[in-house]
């Protein structure tokens with residue numbers, strides 16, 4: 001049996017285990033170990049076992065993961081998301097559809113200190129959906145706004161997926177963070193535009209609200225001072241070269257902790273819960289990364305990535321057509337695979353092809369994250385939609401999936417814009433780091 005055939009069998013086994021809901025890290029580890037053994041014997045397995053955990057645990061890029069997770073958990077349990085939501089609604093909530101637009105703005109603000117789609121959609125579902133339903137908003141609009149807003153958690157820095165992509169491709173985390181800012185703003189604008197168009201076509205889904213007095217609006221600005229300060233310190237320090245991304249993550253976690261203690265929103269129980277959740281998630285992430293190290297060694301030994309690269313490059317099609325094929329493949333995978341699984345499994349295969357046909361790896365990293373975002377909203381496994389249904393059972397899955405449809409259209413428009421105008425994501429990192 002050829003090494004390439006063994007590699008294909010390994011990928012098939014991995015996908016079957018993932019579809020059967022086996023933990024992704026465990027699945028990759030098992031497939032990697034068995035594949036290495038089949039190709040090179042137990043001596044190779046012992047070699048990888050002696051180097052892979054050390055390689056992962058000593059990586060400077062990955063050392064920021066627990067710190068950014070801790071920052072996000074402190075922000076989550078300190079109630080910062082509620083503060084951002086109140087401020088956003090004070091300024092846009094009185095427009096028709098304003099509560100939905102405020103949800104998008106608040107999700108974007110919370111994403112800037114969170115970095116997780118799951119945490120963002122969970123928090124916004126608890127805060128904003130009951131508020132929108134109380135004011136007579138259509139459940140489809142409420143679910144759509146929260147589901148779409150939740151996807152911003154993996155695009156607006158700090159983003160866990162960007163860190164994983166940077167680790168695999170050996171690109172700069174700082175440049176990726178900078179590259180995600182303008183596409184994140186474009187995402188917020190397009191989502192708000194989708195709300196405006198939807199409400200204009202069907203005014204019944206979003207009643208008008210009373211406008212707050214001007215002094216009340218100004219008072220709510222104080223609510224966003226803390227999140228804005230944290231984001232400014234962390235990203236400003238990283239982009240300005242004052243500290244590395246890892247140091248920035250530590251500074252951010254310390255800043256959120258001090259703000260929470262000062263405003264008495266973080267007590268001993270909240271701090272303990274934040275630390276415990278961070279340890280659990282960090283363990284899961286590092287198990288994933290050790291698993292991907294074994295799996296990548298297996299793939300390299302099977303020569304399958306080189307074979308796939310040669311196949312795609314031998315199609316004799318223009319680079320743009322090849323890029324469209326890759327994006328279509330990612331969209332289809334997003335319908336059935338978890339976002340982390342897509343990044344970990346597909347990036348080692350795709351980034352050599354992307355680099356060979358002349359596209360920038362920083363730009364492709366943002367495109368990859370945006371396409372993965374789409375998978376969070378699409379059936380049958382749209383994670384954000386299922387989270388909303390679990391937290392707000394009165395919104396059915398059918399209503400939630402119909403509610404995210406206008407926002408999916410906005411996502412495809414955004415991907416098209418970024419493909420047509422790569423400087424949208426490359427201008428800022430080139431300005432800051434060149």
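The backbone N, Cα and C atoms fix where each Cβ goes, and this holds for glycine too.
Under the heading domain 'TRAP C4-dicarboxylate transport system permease DctM subunit', TrEMBL lists 12-423.
What TrEMBL lists as transmembrane segment is 6-39 (among others). Away from its own ends, the transmembrane segment (6-39) comes close to residues 45, 48, 284, 287-299, 301-304, 336-338, 340-341, 344-345 of its chain (Cβ-Cβ under 8 Å, at least six residues beyond either end).
Long-range Cβ contacts of the transmembrane segment (60-79) within its own chain (Cβ-Cβ under 8 Å, at least 6 residues beyond either end) map to 110, 113-116, 119, 123, 158, 160, 163, 166-167, 173, 227, 230, 234, 244-246, 248-250, 252-253, 255-257, 259-260, 263, 265-266, 270-271, 273-275, 277-279, 281-282, 285-286, 289. Marked as transmembrane segment by TrEMBL: 60-79 (among others).
The feature transmembrane segment is assigned by TrEMBL to 99-121 (among others).
A Cβ distance under 8 Å defines the sequence-distant neighbours of the transmembrane segment (141-168), meaning residues of its chain 6+ beyond its ends; these are 59, 61-62, 64-65, 68-69, 71-72, 97, 100-101, 103-104, 106-108, 110-112, 114-122, 124-125, 128-129, 132-133, 176-178, 180-181, 183-184, 187-188, 191, 194-195, 198-199, 205-206, 234-235, 245, 249, 252, 285, 289, 292, 339-340, 343-344, 347-348, 351, 365-366, 368-370, 372-373, 376-377, 382, 384-385, 387-388, 392, 395, 399-400, 402-407, 410-411. Annotation comment: TrEMBL describes 141-168 (among others) as transmembrane segment.
Distant neighbours of the transmembrane segment (180-201): 96-97, 100-101, 104-105, 108, 111, 141, 145, 148-149, 151-152, 155-157, 159, 162, 235, 366, 369-370, 406-407, 409-411, 413-414, 417-418, 424-425, 427-428; these residues of the same chain sit at least 6 beyond its ends, with a Cβ under 8 Å from one of its Cβ atoms. The annotation transmembrane segment is assigned in TrEMBL to 180-201 (among others).
Look at TrEMBL and you will find 221-243 (among others) tagged as transmembrane segment.
Here TrEMBL flags 249-267 (among others) as transmembrane segment.
The annotation transmembrane segment is assigned in TrEMBL to 279-299 (among others).
According to TrEMBL, the feature transmembrane segment maps to 319-345 (among others).
According to TrEMBL, the feature transmembrane segment maps to 357-377 (among others).
Annotation source TrEMBL lists transmembrane segment at 412-433 (among others).
Beyond the transmembrane segment (357-377), the same-chain residues lying 6 or more positions past its ends with a Cβ under 8 Å from any Cβ of the stretch are 117, 147-148, 150-151, 154-155, 159, 161-162, 165-166, 169, 171-172, 175-176, 179-180, 183, 187, 313, 319, 322-323, 327, 330-331, 333-335, 337, 339, 342-343, 346-347, 350-351, 383-385, 404, 407-408, 411-412, 414-415, 418-419, 422, 425-426, 429. Packing against the transmembrane segment (279-299) from elsewhere in the chain are residues 7, 10, 14, 23-29, 31-33, 35-36, 39, 44, 48, 52-53, 55-57, 62, 65-66, 69, 160, 164, 167-168, 305, 340, 344-345, 348-349: each is 6 or more residues past its ends and has a CB under 8 Å from a CB in it. Residues 71, 75, 80, 83-84, 86-87, 109-110, 112-113, 157-158, 174, 177-178, 181, 249, 251-252, 255-256, 259, 263, 432-433 of the same chain lie 6 or more positions beyond the ends of the transmembrane segment (221-243) yet place their CB under 8 Å from a CB of it.
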